[in-house]
Amino acid sequence: MGGKQQDKDDEAYGKPVKYDPSFRGPIKNRSCTDVICCILFLLFILGYIVVGIVAWLYGDPRQVLYPRNSTGAYCGMGENKDKPYLLYFNIFSCILSTNIISVAENGLPCPTPQVCVSSCPEAPWTVEKNQFSQTVGEVFYTKNRNFCLPGVPWNMMVITSLQQELCPSFLLPSAPALGRCFPWTNVTLPALPGITNDTTIAQGISGLIDSLNARDISVKIFEDFAQSWYWILVALGVALVLSLLFILLLRLVAGPLVLVLILGVLGVLAYGIYYCWEEYRVLRDKGASISQLGFTTNLSAYRSVQETWLAALIVLAVLEAILLLVLIFLRQRIRIAIALLKEASKAVGQMMSTMFYPLVTFVLLLICIAYWAMTALYLATSGQPQYVLWASNISSPGCEKVPINTSCDPMAQPVNSSCPGLMCVFQGYSSKGLVQRSLFNLQIYGVLGLFWTLNWVLALGQCVLAGAFASFYWAFHKPQDIPTFPLISAFIRTLRYHTGSLAFGALILTLVQIARVILEYIDHKLRGVQNPVARCIMCCFKCCLWCLEKFIKFLNRNAYIMIAIYGKNFCVSAKNAFTLLMRNIVRVVVLDKVTDLLLFFGKLLVVGGVGVLSFFFFSGRIQGLGRDFKSPHLNYYWLPIMTSILGAYVIASGFFSVFGMCVDTLFLCFLEDLERNDGSLDRPYYMSKSLLKILGKKNEAPPDNKKRKK
């Protein structure tokens, strides 16, 4: 009965791989796979390029990068090249109803004249009554107050310029933020007509300045990076060396290290059990109970309830028991996992070029992100500028018959003495035209292109590394039988034959990720009106999509390994990989958890070590290293520390991702080796001697067997 049941289980997850006398590792004679998907991917990329060209032809990113004056001219460009800042005559008319997004996209539109200036005002100033009869030249130009609109005559009366809003009636000490002059909050406002110095205005200015005025901080940050950039590079070099040493030393210390980590987890759980028991015992003696507390949303209140610590005690005890049982009954599989980790370290040592392949992936990812960002920016700024007639007070005498908000020509400013302050001002960019009507669809196309290309680049890296490491495993005599350039060969082979298969797997993952993004957007928009049932349903959907994404990533990763070895299409490779793993599910779980634990410890070691060294060095706590090794004087010493920690994490993640791919590849090869071969003279195992020893198997073939040489 047991044998029949085992046969049924084997049939459910596919039949074991049969022996193939011609198999010598990654197949060289292969054909293109998933050709239809390859063609679709290439056509999509061609369309993505067309979208970028259209965006470049119709877009105008200057409207985001540079501020505009009332006529729509850009400050800091063209005739305003020496005037990079924008001054608002009466900033109080618009400052309270703005935010950072509107500033960047809409240029902070407000009903007041705006002029480009070379520098922001440094001192408060107000036009006095006795200056009304003087000329603009006497009050503004000769006093170096070049804040009037362009073209205001020298001999115009000040009262006339103020009535027509050609010159500002007051100036406030300002600082540039996003290319615009914003007043400081610690300045006492002068008596201004129609403006009250209340706390609302002060708070509005303060909030905007705190959010936008980063000039001084940015200068200090630049100075800190200029003073410490070479030490940051040294810290990143230390992270690189530590990551490399950790991987290379695994062949010597993998077993003891895994044992120490497991004992450490057991010790932490044991301490948690002890702590929960002490807390429970104290609260039990005091008589605190959940029945006395009742239900409350204050989660901290449950810390004083004895049932909370009892539940934690039970959970930790169960986890401790499970881990102990795993160590007892799965110790043989843990030994196999450790041996595979050592073998992966040996493979990386034989092919050191694989450790630096993440640089290629990083560059390709950077290109994809930069192209999407520029395309999205150009698309968002497409359209022709629109100008309309505007007056500060349309109810003033003489403005009744003026067609306010009608189109006008900014190059021919309206002259209408009967309506004071009448101007042709910039309103925005038109939404008419084929590109503008299709703007949303083009942006969606760009987002799809971003996700698809990013996932394809990651898939390319996984498949290339899998091909290189598989050539190591299936080399019967190591390192003699390893190809001369395994990484380059795998890269060319993958691009030539399997672009379509990688695009197929990347597309499946992209659709799930976009579904998650849409769901997150819907949840964000409806969060305020959802009832508890709707929130619960939304949370379940999000959880299901998250699990689906993780499963697809796992399936794709193993499918790419099979593609790299056998050169079959994506669906067949995914099926073969899945059935092979399901036939060895216990080994899969043990290896996955042991590898995750080990790589987590490695990241912690690298990032923690670099962080501690950076902290002690940049904070000046390391003394006596000499003048050449003296820490620089910094405004914010935490800035290079955080940069070093982030860079160390990126470097460690890149190195360990290669190592993780090596472990997964060798594991699949190991499982197939067990099914293909039996250790006989004609079918010897390809695995290392340590794995053979753990499994209690041996090869009958002599070490110098020429039959297995490629």
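Going from the start of the chain as shown, residues are counted 1 onward.
The backbone N, Cα and C atoms fix where each Cβ goes, and this holds for glycine too.
According to TrEMBL, the feature transmembrane segment maps to 35-58 (among others).
Sequence annotations record features per position, and here TrEMBL assigns transmembrane segment to 229-250 (among others).
TrEMBL lists 257-277 (among others) with the feature transmembrane segment.
Under the heading transmembrane segment, TrEMBL lists 309-330 (among others). Distant neighbours of the transmembrane segment (309-330): 262, 265-266, 269-270, 272-273, 276-277, 279-280, 283, 586, 590; these residues of the same chain sit at least 6 beyond its ends, with a Cβ under 8 Å from one of its Cβ atoms.
As annotated by TrEMBL, transmembrane segment applies to 356-380 (among others).
Residues annotated as transmembrane segment in TrEMBL: 456-476 (among others).
As annotated by TrEMBL, transmembrane segment applies to 497-519 (among others). Long-range contacts of the transmembrane segment (497-519) within its own chain (CB-CB distance under 8 A, at least 6 residues past either end) are made by residues 30-42, 447-448, 451-452, 455-456, 458-460, 463, 538, 541-542, 545-546, 548-549, 552-553, 556, 559-560, 563-564, 567, 569-570, 573-574.
What TrEMBL lists as transmembrane segment is 559-578 (among others).
TrEMBL lists 598-618 (among others) with the feature transmembrane segment.
Residues or ranges marked as transmembrane segment in TrEMBL: 638-671 (among others). Packing against the transmembrane segment (638-671) from elsewhere in the chain are residues 221, 224-225, 228, 231-232, 235-236, 238-240, 242-244, 247, 340-341, 343-345, 347-348, 354-355, 357-359, 361-362, 462, 465-466, 469-470, 472-474, 557-558, 561-562, 564-565, 577, 580-581, 583-584, 587-588, 591, 595, 599, 602-603, 606-607, 610-611, 614-615, 618-619, 686-687, 691: each is 6 or more residues past its ends and has a CB under 8 Å from a CB in it.
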Stretch with greatest number of CB pairs under 8 Å, the transmembrane segment (356-380) reference, 35-58, 229-250, 257-277, 559-578 candidates:
35-58
For the transmembrane segment (598-618), I need the partner stretch with the highest count of C-beta pairs below 8 angstroms, choosing only from 229-250, 257-277, 456-476, 559-578.
229-250
